[in-house]
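Data first, discussion second: the structure below is written as structure tokens.
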Amino acid sequence: MEPIVYVALGMALGAGIAGAASSFGVGIAGAAAAGAVAEDEKNFRNALILEGLPMTQSIYGLITLFLIGMTAGIIGGGGFKFAEPTTQNLIKSAILFGAGLLVGLTGLSAIPQGIIASAGVGAVSKNPKTFTQNLIFAAMAETMAIFGLVGAIILIMSL
Amino acid sequence: MEVSTITAILDTTLAVVFTWVAYKTGQIIWKYTPYSYPNARIKAMEARLLSDQRILELSESRTLQNFVVNLEDSDYGSRLTSIENVNLRNVEMALELSLVDLLELMVKIMPKRVKGFFELLEEGIDVRNISNVIKAKLNGLPAQDYIIPAGKMLPKVKAIIEAKTMEEILVILEGTEYEEPLRKLLLKEITVQEFELELYRNYYTKLFRYASSRKGEEKVILLEFVRMLIDERNISTILRAKMAGMPPEDLKKLIIEGGSLSKATLDAMVNAEDHVMAIGELEGTKYGQVIRDVREELESGNIEAIERAIRKYRLTRMKELAQFYPLSVGVALTYILEREMEVRKLRAIAKLIVDGVKPEKIKELVGEVA
């Protein structure tokens with residue numbers, strides 16, 4: 001494949017996989033939130049906060065998209081920097097592709113986060129006092145996405 | 001390395017990683033997403049279960065009217081407030097119907113792949129109604145008093161109540177699974193007890209088959225639930241039969257297969273000298289601790305104690321499974337068992353209030369009877 005294809009794939013997969021995972025995560029937690037609110041509308045606030053947690057992975061994906069785009073020259077003008085199909089350009093493109101893939105794959109943590117948040121919505125509906133604990137449980141899944149973003153930034157900065 | 005080699009490695013890695021990720025993600029989403037809505041809803045309902053304090057307050061109601069008023073803001077409110085004439089039978093019926101409402105709700109909200117199990121649980125109402133009506137008819141009792149006005153077969157049950165002869169009932173039940181056992185009963189090939197057992201055997205077999213046909217944790221949870229139901233019935237049947245002096249050959253026919261107790265244990269219980277010896281056979285099984293807790297009551301002939309203890313054990317076990325699998329059918333089954341226990345407590349309180357028992361005594365008794 002041409003270097004630009006790898007860079008474009010890196011951008012697309014970073015934002016795409018993380019975004020899709022976020023949507024699944026929010027969907028799972030959202031369904032639980034709907035169930036909790038259907039029984040008692042007082043659950044709305046807590047359910048909304050827990051439902052929103054898996055959304056952050058898509059933000060990391062978007063940040064990565066911009067960072068890759070800027071590093072490769074696609075965003076901000078100046079044209080694509082690695083257009084020549086040389087080994088060096090191919091490696092640089094592959095690194096950017098890897099950065100995007102890293103954020104995309106670690107962004108998949110939004111799905112288990114949605115599942116944890118979903119169980120958390122149920123637990124908080126039963127006992128609102130457990131809100132903070134359930135928030136922390138769900139936030140734990142976020143760590144992997146943060147590691148992914150940090151890893152991607154290191155990869156991008158290496159160029 | 002050649003450029004083509006690098007791209008080949010990258011492309012292959014990409015394909016492998018994506019195939020694996022897509023498969024795993026799909027698997028996780030398929031497994032958990034359908035339980036998200038119903039389980040959160042059930043957890044919210046659990047928050048409305050009556051606390052021990054509330055049960056104690058209800059014990060102080062003094063009149064049935066007050067008891068009903070005190071429950072108006074609970075999940076039983078809609079059923080209880082629609083009672084025209086507040087008496088024990090109507091209150092008990094309203095409480096029972098609230099459980100039927102719960103099963104109907106479960107059928108509506110549970111994922112498609114386990115919905116059938118709750119439909120089968122609803123069929124239990126038909127089995128109970130038909131069995132009770134036939135027994136009442138044979139004993140010349142008013143059959144109307146022994147049914148719950150619910151279930152898929154309610155129109156047929158009502159027709160059976162109106163029927164003048166047993167042959168007429170047979171015609172009403174024609175084409176259903178109840179026809180054959182009734183025919184055998186009318187031809188005196190089986191006793192009333194065996195007729196009732198036949199209906200329950202069919203019912204439990206259906207539950208067992210359904211549970212066995214599921215996959216993964218659903219299969220684990222549903223099978224354990226059904227097995228405990230069958231165990232409870234078998235243990236209760238054996239102990240009651242032993243107390244009534246039924247010969248082992250006759251008792252063997254009343255055993256339902258599919259429970260968690262081994263054939264050897266069941267045979268040993270069936271052939272035991274008396275109910276105390278039969279209880280002893282359970283020592284090495286998972287019901288060993290359950291038996292030890294109520295041994296004195298059992299030995300004195302209170303068989304209800306073991307039924308109550310097994311019900312409590314079943315609830316504890318389902319709670320464990322629900323905690324282990326938070327997004328699974330275990331949550332719904334636990335809630336159903338919790339509500340059943342609550343209804344038992346409420347029925348007991350209502351009965352004790354009507355019997356004129358003092359609130360202090362009701363508070364003492366309510367934990368024991370539930």
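Just so you know, glycine gets a Cβ as well, placed from its N, Cα and C.
Caution: TrEMBL annotation is automatic and unverified by curators.
Here TrEMBL flags A:9-68 (among others) as domain 'V-ATPase proteolipid subunit C-like'.
Here the domain 'V-ATPase proteolipid subunit C-like' (A:97-155) has, by DSSP, the following mix of helix, strand and coil residues: 55 helix, 0 strand, 4 coil. As annotated by TrEMBL, domain 'V-ATPase proteolipid subunit C-like' applies to A:97-155 (among others).
Residues annotated as transmembrane segment in TrEMBL: A:57-82 (among others).
What TrEMBL records for A:94-115 (among others) is transmembrane segment. Tertiary proximity for the transmembrane segment (A:94-115) is limited to same-chain residues at least six positions away from its ends with a CB under 8 Å from its CB atoms, namely 6-7, 9-19, 21-22, 24-29, 53-58, 60-61, 64-65, 67-68, 71-72, 138, 141-142, 144-145, 147-149, 151-153, 155-156, 158-159.
The feature transmembrane segment is assigned by TrEMBL to A:135-157 (among others).
Long-range contacts of the transmembrane segment (A:135-157) within the same chain: residues 14, 18, 49-50, 53-54, 56-57, 60, 63-64, 67-68, 71, 95-96, 98-100, 102-103, 105-107, 109-110, 112-113, 116-117, 120, each at least 6 residues beyond the stretch ends and with a Cβ under 8 Å from a Cβ of the stretch. For the domain 'V-ATPase proteolipid subunit C-like' (A:9-68), the number of residues in each DSSP class (helix H, G, I; strand E, B; coil) is 59 helix, 0 strand, 1 coil. Within its own chain, the transmembrane segment (A:57-82) has Cβ neighbours under 8 Å at 3-4, 7-8, 10-12, 14-19, 21-23, 25, 89-90, 92-93, 96, 99-100, 103-104, 106-110, 113, 142, 145-146, 148-149, 152-153, 156, 159, counting only residues six or more beyond its boundaries. Restricting the average to the domain 'V-ATPase proteolipid subunit C-like' (A:97-155) gives a pLDDT of 94.
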